[in-house]
């Protein structure tokens, strides 16, 4: 009798995706982040569903409903903090996943890469709208500042902003629609993940050497299922440590003050995972220029396959490119730090320099160094 996992129409799909999937024998722990992102998405959807059962998307009761979840709902506090800190874990895994893609040249699978960029935009949009929901000071002012950026779009800007707000300012209509979008987007993300995996399984996984590994494949189960399980254990341990020992470490104290349109906080800043993009936005004095730079800071990933000039796919054997990659990482950390600082000297000039270096590295330095490395191969 044929094994059910190989004959049943539904089990066959699961089998080809998670059990008998041929995987390269040499993929390192850097390949764990895909499954960890799946775990994060699962945690966020489940905790979010339970939070939505008690949350009210009304300006008068939103803040107190979050307080009610933490104080009166059974284990509401842990659900709320798992959701808030789960978002941070999600972005840590996302950044490491994208970083691994850049380092090992995974962007040459352009369909998978482009769906990944769409996923990144969708997750960022979801996180932004989720941050508005508790209706604290930073929620309200963050929503006001970021949505207001759309007014920089010529001709339609002002109308577009008022259309998104549902009025002439961030108010009840804005909060209600943000809640609706925040609820539906994770399911759209889950669908995009399926497409992401569909394209990935068309080509098979990349590996650290960047060399085609068809001659040396091993089954995904048990080798990589056990490896992923260890990753899950690490992630859950880290998340629970954060939630149970310092749940507010990554949050903003201003968000424990109910939203007040008449009182602007001294420093309006987004969550830590948006600070690098926020720093790029602030580094350009022109409003429209800043908005374009903000969008391009992520959209620039889409041109990476076009800028790949090296004869080798991975950076594993390209020391000059490796140095530039780590300069890029340091630059992004600098931008993250700058994004959380007030707009004053010397932070303004540091932010402008770091923003320039970010685009200069990706668009000019890295492709040029790849060409130099091609020449060095002939020596």
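Including glycine, each Cβ sits where the backbone N, Cα and C put it.
Of all ranges given (257-277, 320-340), Swiss-Prot attaches the label transmembrane segment to 320-340.
Listed ranges 77-98, 143-164; the one Swiss-Prot annotates as transmembrane segment is 77-98. Here the transmembrane segment (113-133) has Cβ contacts under 8 Å with residues 55, 57, 62, 66, 87, 90-91, 94, 98, 101, 106-107, 139-140, 142-143, 146, 174-175, 178-179, 181-182, 185-186, 188-189, 192-193, 195-196, 199, 270-271, 273-274, 298-299, 301-302, 304-305 of the same chain, all six or more residues outside its ends. Long-range Cβ contacts of the transmembrane segment (347-367) within its own chain (Cβ-Cβ under 8 Å, at least 6 residues beyond either end) map to 279-280, 282-284, 293, 296-297, 300, 303-304, 307-309, 321, 324-325, 327-328, 331-332, 334-335, 338-339, 341. For residue 97 (heme b b566 binding site), the spatially nearest entry among the binding-site residues 83, 182, 201 is 201, judged by CA separation. Counting same-chain residues at least six beyond the ends of the transmembrane segment (320-340), those with a Cβ under 8 angstroms from any Cβ of the stretch are 99, 102-103, 269-270, 272, 274-280, 282, 310, 347, 350-351, 354-355, 357-358, 361-362, 365-366, 369-370, 372-373. Around the Cβ of residue 196 (heme b b566 binding site), a 10 Å sphere holds 21 further Cβ atoms from the protein chains shown.
Counting every protein chain shown, 14 other Cβ atoms lie within 10 Å of the Cβ of residue 201 (ubiquinone binding site).
Long-range Cβ proximity for residue 182 (heme b b562 binding site), meaning a same-chain Cβ under 8 A and a gap of 6 or more residues, is found for 48, 126, 129, 130, 133.
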